């Protein structure tokens, strides 16, 4: 292959936020880029939707004040933020017992609350012992923490039922995985990436503080618009060939050539691509051990936001119901009421095997359990099953079981020849979020520019 | 697609022992079959090799008296067994201290030996509580055992250093994975599949009692010969399409059609195939969470089997050296001496990243540590790095991290439409062994015949 055969300098696989950001950075540096996207749309885990005429996000939607890359990107594209609705009380459904609470602290027995405070302090202390370089395998206690599941850790260190269920529930909510599936080191690193437990799960001052007027999905769409014809949809990549002076990417029977390649797709999808130069065993082992979480995101619309009239903010958290985390998604007090929520982890896998009617019935039944009969008659229902998305294989993010970070983790961002790795899983801050995706794209583009 | 378009009744993906056995069973029942094999050879994880003129197995080689399917298959094909050499003492290298032992019991401190005996009894008792139907997710304590790693279990229940290191060493030896990577339930099920710990790791009366004269690889080769042109090499399958009346398999740009399909490949490879009808989320999640172990198999030849002259049987087990399990592979007392051994788990990943010269130096250095200067000058060295095999992705077998069996395990053998699942990972007895592969092929063929 001669240099003159090259159609572009860099090929980027995946037009999620990571790939689009990498492409824009490279384009601004004068490089010719081509983004190959398997889907018929850009955005990856950010995706537009609509419920009863209201535009919604079927994928990632919130932004916290610490997520400066995402805030700057949105601002530069003219996408405005608005606050998550918080006025009034939230609902806790613990073992089917419904109660309300107004602070950040749910109503738990006194001993559970005490233990929760200790737990939070301990996690924040332990996570601060992890390297800020996002190399958790280098932590002093890496081996110890990566040898156990989060569930083992909970059983050993947490004693009240309330605090145990809290710890399990937040694992399902943030990683969409069961605590027994996740390495304790993976969990701590995820806390560190999100600054603290409070910042990860909080609304005011946390990762759910704001959302984007009209939807977060506008951000990748506008980024893609800046790239114009460089973004090519319906182009799944099945094979990658590295040569001494370049790389070839095969998609739909066509071969694209470039100097370098950025893979901006989830690890589990990168593992499915054929490489003429096999990836190192350690790298391959990592890609084959980073499964995605399981989640179904569901919007339910009502004539009115009846909960607001009753002094509720629409927020729900439950340790055992199927539709286990809920937020208000209404545009205002007077118009249509919208709730958005999630079916996480094992519940998502189970409900994915049923049909929409069954899921809808379950979701409504859970909402009636939380909010009473007012919730029984929605005017619209929209669901997005991320476990069934072949080009994501789950959401929000990949996690690792014990022994993966310490045995294979140090290959996470290591280029393999001319292949560079992006995607929110490779972020050093806000892994699993749109912000982390942007950061990974910037880093991968810089790696290529530095060569 | 009309019936008349069908080129065969059943397509089998993978010409390892599972696929070949399924094909033979179907052929004997009068079905037209085609076996598509990605490699340029049959046998899968059974593979021929040669060292200094002696034929060897680069893959699976031993057979135990309980493995009746494999023994019958070999016998029917005229492949004879011969005993693993056991005359004399074995070597234990514990924390670099070399000692010899003549019974099955290595020389450990008294308390460690006591604990080892208790451990063995406990494991055998717990494994007997698992369903004989190979549905470990149905066990009474499934959730508890699948919530922790084997390492967590060891730290909690084993207290002497000797017994702990024994437990870790056998995990690496039988699963080629680190104890922190393996669910305790997965480990117990593996013990159950192999009848007991003694039977799994033992020589006389156990899974290493005999080997095959000339090599186990002759078995798949002779099976393939009985299938003739039905076996097609160099035919990797990248896509599978299910239709209402049949299935299409795309390989090398050619489409093969049949009524039914048997996938007789490791789960991690089945996860890389594109399916026009996406697999159920639960099934997909399982395939994406069954990574293979990591192992490099190495033969070293000497002018003489010098160890035999010194009353040693060539057997070595070490808890920390890189070349950590060794067996005698010489044909007789008088001719060339051959040792065969393994680099397992993390050591395999690390050594795979080096080069053959480095590995050879390490292996010889370990052998000199065990056997003294006699081992310093081999006449030949042959290695097979299974971590680098794109059509196996590791050996000997897949394992699962915590939370996989209990969340996704019940899809292991469940057909997906017209797709049936074989491969040693789907066996109900001797999973991970050639015997289990044969059993899975028989079962999958029967499933298709029963439709």
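Backbone N, Cα and C atoms are what each Cβ position is placed from, and that goes for glycine too.
Predicted automatically and left uncurated, TrEMBL annotations should be read as such.
Record features, source TrEMBL:
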DOMAIN    B:17-449  domain 'Amine oxidase'
BINDING   B:37, B:38, B:237, B:425  FAD binding site
BINDING   B:342  substrate binding site
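This view paints the features noted in TrEMBL onto the structure.
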residue : record                 : DSSP (3 states)
B:37    : FAD binding site       : coil
B:237   : FAD binding site       : strand
B:342   : substrate binding site : strand
B:425   : FAD binding site       : helix
- Query: Where does the mean pLDDT land for the domain 'Amine oxidase' (B:17-449)?
  - Reply: 96
- Over all shown protein chains, what is the count of other CB atoms within 10 A of the CB belonging to residue B:342 (substrate binding site)? 23
- Task: Just name the winner among B:38, B:237 (the binding-site residues) by count of other CB atoms within 10 A of its CB.
- Result: B:237
- Query: Taking B:37, B:425 as the binding-site residues to compare, which has the smallest set of other Cβ atoms within 10 Å?
  - Reply: B:425
- Query: Roughly how many Å separate the Cα of residue B:237 (FAD binding site) from that of residue B:342 (substrate binding site), to the nearest whole number?
  - Reply: 31
- Report the largest Cα to Cα distance, in Å and rounded to a whole number, among the residues B:37, B:38, B:237, B:425 that the record lists as binding FAD. 19
- Query: What's the CA to CA span in angstrom from residue B:37 (FAD binding site) over to residue B:342 (substrate binding site)?
  - Reply: 27
- Query: Could you give the Cα-Cα distance between residue B:38 (FAD binding site) and residue B:342 (substrate binding site), in whole Å?
  - Reply: 26
- Message: For the C-alpha pair, I'd like the distance in angstrom between residue B:342 (substrate binding site) and residue B:425 (FAD binding site), rounded off.
- Response: 21
